[in-house]
Amino acid sequence: MKTKQTYLLRSSFAFLIFVMLGYTVQFYPYSLVVFDDRVQNAIRGSLPDQLTSFFRAITYMGNVSTQVVVVAVLVILFLIKKWKAEALFQLTNGVLAGLLVTGFKFVYQRARPSLEHIVYAGGYSFPSGHAMGAMMIYGALMVILLGRSQKKSTKILVTVVFSTVILLIGLSRIYLGVHYPTDVIGGFVLGYGILNLLYPYYKEKRFEWRFQSKQK
């Protein structure tokens, strides 16, 4: 069984990567040009219509309006089921995703790619709000479902499905031309770090509140 220190170590490592990447974005952006260009070219290719339609649909799952609705619906459902710890965990991840990405975008103020934007995207580029929100919101839901699943096959299915959705949302932002690959990486690692930072406290509250409910 993983200890609290394990998750905090993961979180610290992710934050370290984010800080290093953010520092590079802020002071040495030219050093990222080759990497960003190569990944963009590999993912975007000739922009076939089928992939464009697919990634338009996928990126919608990471839009702010979609994330707000997803979090609200999940919190309500969890409260109805009396899953108080799950509701708090999901809500906390959703709120922090919105607040932190806004703050960090203002700090770094990285302009978006000069490529053709297939969908509209305003504001600054680093880190990707879609990538960070996907990691924290859909990642939190994955964690909750894994904790409630008994069968190994169900756990594998949940992990594969949600990991794929999170990855595709990030890729969609690169494909659609509204983010550099390093924006998406930054969003992913920051979201992953916060998710691991919050998870031990979620486990503690879940155990505490379940124990209290059984005593009534």
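Every residue gets a Cβ built from N, Cα and C, even glycine.
As recorded in TrEMBL:
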- 7-28: transmembrane segment (TRANSMEM)
- 57-80: transmembrane segment (TRANSMEM)
- 86-199: domain 'Phosphatidic acid phosphatase type 2/haloperoxidase' (DOMAIN)
- 87-108: transmembrane segment (TRANSMEM)
- 128-147: transmembrane segment (TRANSMEM)
- 156-178: transmembrane segment (TRANSMEM)
- 184-202: transmembrane segment (TRANSMEM)
Test of understanding: applying the rule of at least three C-beta pairs under 8 Å (pairs 6 or more apart in sequence), is the transmembrane segment (128-147) touching the transmembrane segment (7-28)? no
Dominant neighbour of the transmembrane segment (156-178) in 57-80, 128-147, 184-202, by Cβ pairs under 8 Å: 128-147
Chain residues outside the transmembrane segment (184-202) and at least six past its termini with a C-beta under 8 angstroms from it: 4, 7-8, 10-15, 17-18, 21-22, 25, 85-86, 88-89, 92-93, 96-97, 100-101, 104, 126-136, 139-140, 143, 166, 170-171, 173-174
Using a Cβ cut-off of under 8 Å, list the residues of the same chain at least 6 residues beyond the transmembrane segment (128-147) that approach it. 59, 61-64, 67, 70-71, 74, 78, 83, 86, 89-90, 93-94, 96-98, 100-102, 105, 155, 158-159, 162-163, 165-166, 169-170, 172-173, 179, 183-188, 190-192, 194-195, 199, 202, 206
Across the whole of the domain 'Phosphatidic acid phosphatase type 2/haloperoxidase' (86-199), what does the mean pLDDT come to? Round it, please. 95
Tally of DSSP helical, extended and coil residues in the domain 'Phosphatidic acid phosphatase type 2/haloperoxidase' (86-199): 86 helix, 0 strand, 28 coil
